[in-house]
Amino acid sequence: MPKRTDIQKIMVIGSGPIIIGQAAEFDYAGTQACLSLKEEGYEVVLVNSNPATIMTDKEIADKVYIEPITLEFVTRILRKERPDALLPTLGGQTGLNMAMELSKNGILDELGVELLGTRLSAIDQAEDRDLFKQLMEELEQPIPESEIVNTVEEAIAFAATIGYPVIVRPAFTLGGTGGGMCANEKELREITENGLKLSPVTQCLIERSIAGFKEIEYEVMRDSADNALVVCNMENFDPVGIHTGDSIVFAPAQTMSDYENQMLRDASLSIIRALKIEGGCNVQLALDPNSFKYYVIEVNPRVSRSSALASKATGYPIAKLAAKIAVGLTLDEVINPVTGSTYAMFEPALDYVVAKIPRFPFDKFEKGERRLGTQMKATGEVMAIGRNIEESLLKACRSLEIGVHHNEIPELAAVSDDTLIEKVVKAQDDRLFYVSEAIRRGYTPEEIAELTKIDIFYLDKLLHIFEIEQELGAHPQDLEVLKIAKLNGFSDRKIAELWGTTDDQVRQLRLENKIVPVYKMVDTCAAEFDSETPYFYSTYGWENESIRSDKESVLVLGSGPIRIGQGVEFDYATVHSVKAIQAAGYEAIIMNSNPETVSTDFSVSDKLYFEPLTFEDVMNVIDLEQPKGVIVQFGGQTAINLAEPLAKAGVTILGTQVADLDRAEDRDLFEQALKELDIPQPPGQTATNEEEAALAARKIGFPVLVRPSYVLGGRAMEIVENEEDLRSYMRTAVKASPDHPVLVDSYIVGQECEVDAISDGKNVLIPGIMEHIERAGVHSGDSMAVYPPQTLSQKVQETIADYTKRLAIGLHCLGMMNIQFVIKDEKVYVIEVNPRASRTVPFLSKVTNIPMAQVATKLILGQSLSELGYQNGLYPESTRVHIKAPVFSFTKLAKVDSLLGPEMKSTGEVMGSDATLEKALYKAFEASYLHLPTFGNVVFTIADDAKEEALNLARRFQNIGYGILATEGTAAFFASHGLQAQPVGKIGDDDKDIPSFVRKGRIQAIINTVGTKRTADEDGEQIRRSAIEHGVPLFTALDTANAMLKVLESRSFVTEAI
């Protein structure tokens, strides 16, 4: 059936900020879909609150609204734009929930807007636990016995009838939020109570636990003519019981018989047909390893994390095709863009194995609860492709960037057997490494399979890897063993370790004996048809399929898996850099390992290498492609860290040179440069041990800011107020980088701001200055940033511009750089300089309309700013106010403290823009889900050093009609200044403490600051946790609370007695 002509204008809802459970895969899907709809001639209107994505670029849709995804704003845009149809299935859970809300409020009917892709009834049937159960019963598909409950008592009664363990799943929440496995009544009570609060419809499903079954997923597509196909099936290495987003996954499934595959395939296709979904859908099933029994676990009636993985694993572009199906095209009329010759009706066939491993944030959150369960915790993932399981698994391990280059963490060799087995049984994020260690200690695959329910097939592969390690150890320099190791994915570094030599010598030996990888094409059809996609992976085998072209090429290194501190912003810069390379007439080659992102979409670059970002893997590509040079400044710290080894190997680094990168990163060289350029910085010193640090701090005076050099996202960075805390920091945190000393700086409490600049070596363009709302001490990635600055004097802005120019020229910067300043008493100090693209590039590019990464790339390739039409200096500022606000994922991470400090904790960002600061702030708060009603109660629990300031805020809250509550000390201080606050009890004062007030819904906001001593704050942590769990707005910085007050004041009328 040809595409529909009765609709012209389509609105697409994006997925909003990146949070755990809903990451960059939706940026990829949404970008694909919008372009796909435009290609068919429709007018596309996009709404998304996330500035960090390619999806919210002007070129992606005809009209792009970066506005909050809330009923209020989406309705406004619908009324203004009057689209004919709405496509909600590409915006993750956010998009689906928004569509439901619009429909339930009658907005879609009122405006005559039709839903495309998935019918509302299908969303309901898949998401509402009760309807889903009914549908499965009608289709005679087995599901675990379960009951819908609306109260804790009902849950306990049902569990008594089926027996523990049971699983709790709240309705309409994302990534398993609020759910969990319960082994007894106490756990059930706790998890259900929390789950009911988090479910927008206060219902939970209590179901029999089928933990230990194999978890299999099918990615299916269907069109309006009822054609349906399986794009790909995937098997979790971890059995049921661990969220699929936190599981290691292989595609295609490895351990099912043909009969089992057909059985689950039929089930998946019958489900998508029953739901009448037009587009993509993901079905998760549990298969009993000992019989042919299976259960349907859940269905996602939309494009999901797994579909991004399936798209990259097979090359079959699910989101692109889902958009075409939504407007009436059928699978047998759409050409598969990968082959360019076959139709989309052909099911992909794979002649390789794909491994996906999640990337967790526990390197940043050492206190976080690492046990894995039904609630997702990973921030990102890596994917690797190989010709066997060993190869793809080991390539994925070294893609993770957690300091491992093999399936082993050397420290685990020291762990006792008891601890080892406990970690093998109770899965944490690093279980693979514990299981591998158990095999090295001689536990048999049978024993481990019994303990973990991991299929013995995979454990045999781990055993095979260990056997190769032993062979290597026994036969140093043996070429035959070397070949076997390389066929199974071993890195040069691991081989060197086992041979007692260097990676470099192993590489030389390989090159001399022509043991080099070949590159194979990902073509969706196992090479049955000719394919035109330039999408490759390495393997050691015959016949290289990646042919070097005659055109000069430039290689861009991506930023690897998404983690806190290095998010989708860097992918954004990578994609823009590629556009500029192509515009300059070169062939653009991308190398990256992240399946969720736009940069690894084969249609973005001229060639894509899906490979780990390690020196060995990058050099192999360079040896084959012989590019003009490599661009490292858009791939975050991942790419910057490769600059030095690549340069040493004779590779041309384009842009700022390695010596100059070092001058910005190395403390002593940087100080030297600032002295020469006559630019002030807070006094500081370097220390390599505890005594030196204590000495330095005494000399500078407390408070001091301590941090290791060469890290991204403020890892292991702290503000320390006294010697005792400093010594404990030196003992626990310095392991962050032993070769690099620790920096001890005077901590200046002032106004913080940052600048991104672009330099051609002679002139410097400064697109804008961003002022932080939170004063210095909160990591820049966790601060709200305002552009243009609202409180900086003209003189300060001129000084900032002047210092920026001096630094860019003085450090021989070519391309992008980011500088952070702190201002105190009108004096400007430089805190740090990053000679690369930073996480503010997408935001600033959007609000100034300067495509910064593209401009920087053109300069790197030899053009000048004046040739591109830009002036030297500060760019004229926008007349509107724009705010970038952070978004956190604390609900997913138990035991992680939500207190903001110099270590970054946010996973994503939103943007609010309007004519005034207050309006822009309102939008930013709404978009980041910080919604405050116009009246209610606010509770203050404030450290002594901030009580003065808090008093002023409390008075203003009172003036607009808020009730003020406070903890004992704060209440006494307020009272002595004539403000009566209702006192709340200490933690543990049964019904009178803050957590119990929060549970009863009597508190609308919490303002909690922490004093100089970090140690005595367990009460504060409980208070903050209760706010997070119940979705009560929490402010740990008074500046943020002040910004929220500005919004509330601007929205309320002042009532004064005469």
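Indices start at 1 and increase along the chain as displayed.
Yeah, the Cβs are placed from backbone N, Cα and C, and that goes for glycine too.
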Exercise for the section: Name the residue, out of Gln790, Gln820, that Swiss-Prot lists for the same ATP 2 site as Arg707, Ser746, Ile748, Glu752, Gly777, Val778, His779, Ser780, Glu832, please. Expected result: Gln820
Handout entry: Segment confidence, the domain 'ATP-grasp 2' (671-861), expressed as mean pLDDT
Key = 90
Exercise for the section: Ten-angstrom check, please: count other Cβ atoms within 10 Å of the Cβ of Glu298 (Mn(2+) 2 binding site), all chains counted. Expected result: 18
Completion exercise
As a whole number of Å, the Cα atom of Asn834 (Mn(2+) 4 binding site) is distant from the Cα atom of Gln820 (ATP 2 binding site) by 9
Handout entry: CB contacts for Ile748 (ATP 2 binding site) [other CB atoms within 10 A, all chains]
Key = 22
Fill in the blank from the handout: In DSSP terms, the region 'Oligomerization domain' (402-546) comprises 78 helix, 11 strand, 56 coil
Handout entry: Largest CA-to-CA spread of ATP 2 binders Arg707, Ser746, Ile748, Glu752, Gly777, Val778, His779, Ser780, Gln820, Glu832, angstrom
Key = 18
Exercise for the section: Would you count the other CB atoms within 10 A of the CB of His779 (ATP 2 binding site), including those on all shown protein chains? Expected result: 22
